[in-house]
Amino acid sequence: AWESCTGLFSQLFTSSSDTRNEKSSSARRVAAAIEDTSIDIGDFFKGPLPGKFLKLLGYLALSRLGIYIPLGGVNREAFVGNLDQNSLLGTLDSFSGGGIGRLGIGSLGIVPFINAQIVFQLLAQIYPKLQELQKKEGEAGRKKVLQYTRYASVGFAVVQAIGQILYLRPYVNDFNAEWALSSVVLLTLGAVITTYIGERITDLKLGNGTSLLIFTNIISYLPASFGRTVAQGFQDGNYFGLAGIVLSFFLLVLGIVYVQEAERKIPLNYASRYTGGAFELQKSAYLPFKVNSSGVMPIIFSTSSLALPGTLARFTGLSFLKDAAVGLNPGGPYYLPTNIVFIAFFNYYYTFLQLDPDDVSEQLKRQGASIPLVRPGKSTALFIKTVLSRISVLGSGFLAILAAGPAVIEQATHLTAFRGFAGTSVLILVGCATDTARKVQAEIISQKYKTIEFYDIDKY
């Protein structure tokens, strides 16, 4: 709005002499957009946001139905006892909102789609044509890649469903081909429906559908998990440990909010230019880069990748995959270092996937903007790449601390931390909440900008 007003005033002042000499028959009118960034509660109900939120709640409720429709013929009590001893399955169970423990047909959730995204992002680096499809063909190319990802997610859902059925075999009362085939079909169908719901949530533009689905699942599982931790604390008389876990949880939330909002601001200068004989003032701005621009996706990708060897081991029965799955389980010798490496890799890759230094440099050049003391073109792209690389290191370190933090807290307090305390869960909760709040604020402000008042210049 300030830039438009600056251009407006320059035009008014330069044409004032002509206006005094010549009066046009029709009154000349100009539009001035009123900027008001203050938001009241009543502003939420003035636009389409209430309807969008009702749709969002409906989609989230629909995504939960598959979790409460169980597979038949399974000894659930014996399986849940085994699930409590498997930390990795417990983490995936929290992602599915207890769907794995309840043996629901929607227990695969959004995980197959996430695995398909991982594969296509890696393929984009191996096959340049796939990367060009995303960049050069614009929205049409991205839609094609998304369609390929959907097809691949169905394949992953089938593989993971077969792996889950083979894992459940010892707990099935009457394991036969008919039961196995029907269960694979139901699990795959549940994953496809969940993926469809996630895409519809993304279309509402209130947040990423994948993250919001996981957010809902964690929230639904949090009260019961927290209750078990409290019960353990009172049973053992470990009140200080329980207070330490609760305090650490709130400190972790505050730290995540602080890091999530942290930015590296690169100053920009816009070249002065003459428009219609009028001198337009030089504009200045900055280019913001988030310290953790990739959000929760690297941890989600890393968790899914660590679970993949176990799924393949149950499907193929290969001994080296079984050994790898045991070593990559939480508490295993390779879990922590592999998790940190995966988080760093996915964070670095996802950061540059969102922000291509060459594209940013080209856009700045087209807009007549430049970074002080940096030449436009390749030098600007190299500078942005250096900044993003350093930021990704900080972001990876932050995510690694979140991944390793709960184990340290458990050893210090001698209590089993509730699943919502895991750095992954807290980051998803905080990230989704702040992202949705930011998008709601942007939606309300954009509605206010649509209000334009007209003033008759000649009356003043």
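Don't overthink the numbers, they just go from 1 along the chain as shown.
Backbone N, Cα and C atoms are what each Cβ position is placed from, and that goes for glycine too.
On a predicted model such as this, the values are computed, not experimentally measured, just so you know.
The transmembrane segment feature in TrEMBL is assigned to 148-167 (among others).
The transmembrane segment annotation in TrEMBL covers 179-198 (among others).
What TrEMBL lists as transmembrane segment is 210-227 (among others).
The transmembrane segment annotation in TrEMBL covers 239-259 (among others).
The transmembrane segment annotation in TrEMBL covers 387-409 (among others).
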Checklist line | Which of 148-167, 210-227, 239-259, 387-409 contacts the transmembrane segment (179-198) most, counting Cβ pairs under 8 Å | finding: 148-167
Next item on the list: With a Cβ cut-off under 8 Å, give me the same-chain residues at least six positions beyond the ends of the transmembrane segment (148-167) that come close to it.
Entry: 107-108, 111-113, 115-117, 119-120, 180, 183-184, 187-188, 191-192, 195, 310-312, 314-315
Item checked: Long-range neighbours of the transmembrane segment (239-259), counting only residues six or more past its ends (CB under 8 A) -> 229-230, 233, 291-292, 398, 402, 405, 409, 412-415, 417-418, 421, 423, 426-427, 430-431, 434
